[in-house]
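A.B. asks: Pasting a structure below so you can have a look.
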């Protein structure tokens, strides 16, 4: 006869947990310092994600210019330098400050000028479709986050050596392809190790990271004003590589994913490591028992091991409420995305200081994030089924596949 399963923590006054959520809240606490550090480290990926999303605001902008001879046909009322001879005007800074001036694209069509940034978002779309299922299937959340950041870091570094606009656009496509799953992996990793009541607020941490990354760009660009646009890619790629090392050695894999994949010993080891860090908010009240190789998570073991886009679509079709919710979120996200990304990416077209414009756009996220932080738990939708969380995660993954974020 098989030995009876023992709980992760021995506590005669508590009943055995019925799910991984109950285990987290009962044995390692709803939210403690270990969980906070994990969530903070994972959410910091949003910094590098934002930098690569909006870096073209500075690298692909058209620099200012001036007339070289006041007696020539050039005068300040002329806004189109394409109608002027090249000897009548000159860039205010070195031509290397922007891809437009370095490769002489000032008179090129809008298609060529916007090709690198369009390639980036096309890469986000395709990367979301291709890479999203890997986080649920073979790689896991941690490895997927590591891979995404690594691809983004390497492609960013290679962008420094771009010889022309076409190679530059290809590398921007690879960059967008790699970063497509960063947001979802960070959200899942940061929230799956905390109690239910903290998930909403912990999930907002990645948005603060994204805001910080966007806010750091105008500062770096201002410090390097007059320098080559390639320097900005160097400045953003090196910290990303360092962050990849931190993710590889210090981020914990999702215990939920490990249990679903049958790797229970690894999941218990992670829970033990998290619970071993004392916290004033968590009363673990007992020693961790490692004599058992399994936990009574019937709910977790009933979930399918092979999760892909087809099983996700099947779940959405079966659960009509999830399909309706996803459709509404997709429609809202499409409209918000047009405004949210469209405004910053068009800052170079405004007759205003580009560094201040970018900083103000980034700071606009602060009140929105703070309001969401305090209202997310008061306005959240309560799932009435035990599979609600699973369907919600799959819905988020499908949303990412459609929009690439």
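Including glycine, each Cβ sits where the backbone N, Cα and C put it.
All annotation found in TrEMBL is predicted automatically rather than curated by experts.
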A.B. asks: Which stretch, out of 202-223, 268-289, 290-311, 378-399, is listed as transmembrane segment by TrEMBL?
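C.D. replies: Per TrEMBL, the stretch marked transmembrane segment is 202-223.
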A.B. asks: Of 78-100, 354-376, which range does TrEMBL call transmembrane segment?
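C.D. replies: So the range that TrEMBL calls transmembrane segment is 354-376.
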A.B. asks: Between 46-63, 118-135, which stretch does TrEMBL give the note transmembrane segment?
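C.D. replies: TrEMBL lists transmembrane segment for residues 118-135.
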A.B. asks: With pairs 6 or more apart in sequence, are the transmembrane segment (202-223) and the transmembrane segment (147-171) linked by at least 3 Cβ pairs under 8 Å?
C.D. replies: no
A.B. asks: Looking only at residues six or more beyond either end of the transmembrane segment (177-195), which have a C-beta under 8 A from one in the stretch?
C.D. replies: 21, 24-25, 29-31, 35, 38-39, 42-43, 45-46, 48-49, 52-53, 123-128, 130-132, 134-135, 141-142, 144-145, 147-152, 155, 202-203, 205-206, 209, 251-252, 254-257, 274, 393, 396-397, 400, 404-405
